[in-house]
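Input: a single structure, listed below in structure tokens.
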Amino acid sequence: MSLTRLLIRDFRNIETADLALSPGFNFLVGANGSGKTSVLEAIYTLGHGRAFRSLQIGRVIRHEQEAFVLHGRLQGEERETAIGLTKDKQGDSKVRIDGTDGHKVAELAHLMPMQLITPEGFTLLNGGPKYRRAFLDWACFHNEPGFFTAWSNLKRLLKQRNAALRQVTRYEQLRPWDKELIPLAEQISTWRAEYSAGIAADMADTCKQFLPEFSLTFSFQRGWEKETEYAEVLERNFERDRLLTYTAHGPHKADLRIRADGAPVEDTLSRGQLKLLMCALRLAQGEFLTRESGRRCLYLIDDFASELDDERRGLLASRLKATQSQVFVSAISAEHVIDMSDENSKMFTVEKGKITD
């Protein structure tokens with residue numbers, strides 16, 4: 001599915017824009033601060049309900065306006081889908097799909113699987129386990145119909161359990177929460193483990209292309225001891241959890257550990273190499289989704305030329321073209337992306353929030 005039309009109103013520094021898009025490569029060229037990243041962020045927000053540069057809604061809505069409005073048209077193989085998102089300064093959202101209100105942001109996310117590559121995206125590799133859990137959970141969300149409900153219930157139960165830990169004195173008082181929590185934790189961990197095992201070879205092969213000088217390994221850690229039942233872990237660690245007032249073990253502590261030549265990648269790779277690894281992982285994940293489900297990602301790439309030499313830029317471009325996916329690329333100069341352009345691509349110029357093609 002590709003985004004054929006994008007309407008933006010009062011988002012960041014963009015007052016209004018109406019863009020007809022290519023199903024292939026779309027280039028956004030402009031100086032720093034021109035608004036090219038804001039276009040990428042508008043697309044991301046339309047599919048996620050939140051921006052990727054700021055969680056504060058007031059910074060995303062254009063100055064002195066009350067709300068932003070985003071609309072898009074998605075073209076699938078058999079039908080077109082109209083989608084829309086409005087969000088005001090209070091954080092209240094309205095999601096519209098095919099002319100009807102009352103939809104959830106998760107429905108937009110399901111319609112628009114995306115891979116985001118930004119200069120800030122190093123957090124996937126050096127920002128702690130929660131970013132790698134998000135990497136795994138993105139895939140589980142798009143591959144397992146029951147994942148989102150299970151994940152939402154898990155978060156709710158963990159919050160309730162942590163609150164209860166401040167009040168209880170005996171483990172038996174926690175059993176009502178743990179009775180619900182344990183099967184959810186085990187199911188989510190199973191989904192994550194199955195996905196990690198399934199994509200491991202793809203990640204290794206793609207990383208080998210981008211970083212042939214390193215031997216990269218990937219290891220899923222579920223968040224509690226291997227070969228131990230989660231029920232046993234919760235009961236055994238009750239006193240420790242009660243002192244900490246939070247649940248110290250579980251799927252909320254899971255990680256995907258990535259090592260280069262046996263050492264953590266954040267301690268081994270340069271910034272340029274970390275960006276290559278990030279690109280490789282995002283690409284592998286998108287390709288895996290297509291192979292498993294037939295669905296294609298949208299790829300959003302901010303500041304394409306940053307920290308990549310000509311050879312690696314060419315490699316990334318050729319791999320992206322091979323996916324036959326829709327790609328949005330921002331760059332300071334058209335020279336950085338001209339060799340990626342073909343007869344089906346579109347080049348947009350962005351200047352002070354105004355977008356022309």
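Cβ atoms here come from the backbone N, Cα and C positions, even for glycine.
Pulled from Swiss-Prot, these are the features on record:
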BINDING   GLY30, ALA31, ASN32, GLY33, SER34, GLY35, LYS36, THR37  ATP binding site
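Ranking the binding-site residues GLY30, GLY33, GLY35 by other CB atoms within 10 A of the CB puts GLY33 at the bottom. Taking the Cβ of LYS36 (ATP binding site) as reference, residues of its chain lying under 8 Å away and at least six apart in sequence are, in sequence order, LEU28, VAL29, GLY30, SER330, ALA331, VAL350. Burial estimate for the binding-site residues (ASN32, SER34): highest at SER34, by number of other CB atoms within 10 Å. In the three-state DSSP scheme, LYS36 (ATP binding site) is classed as helix. Under a cutoff of 8 A between CB atoms, and with a sequence separation of 6+ in the same chain, the neighbours of ALA31 (ATP binding site) are ILE332, GLU351. One way to see the shell of the ATP site is to take the Cβ centroid of GLY30, ALA31, ASN32, GLY33, SER34, GLY35, LYS36, THR37; the remaining same-chain residues with a Cβ within 8 Å of it are SER38, SER330, ILE332, VAL350, GLU351.
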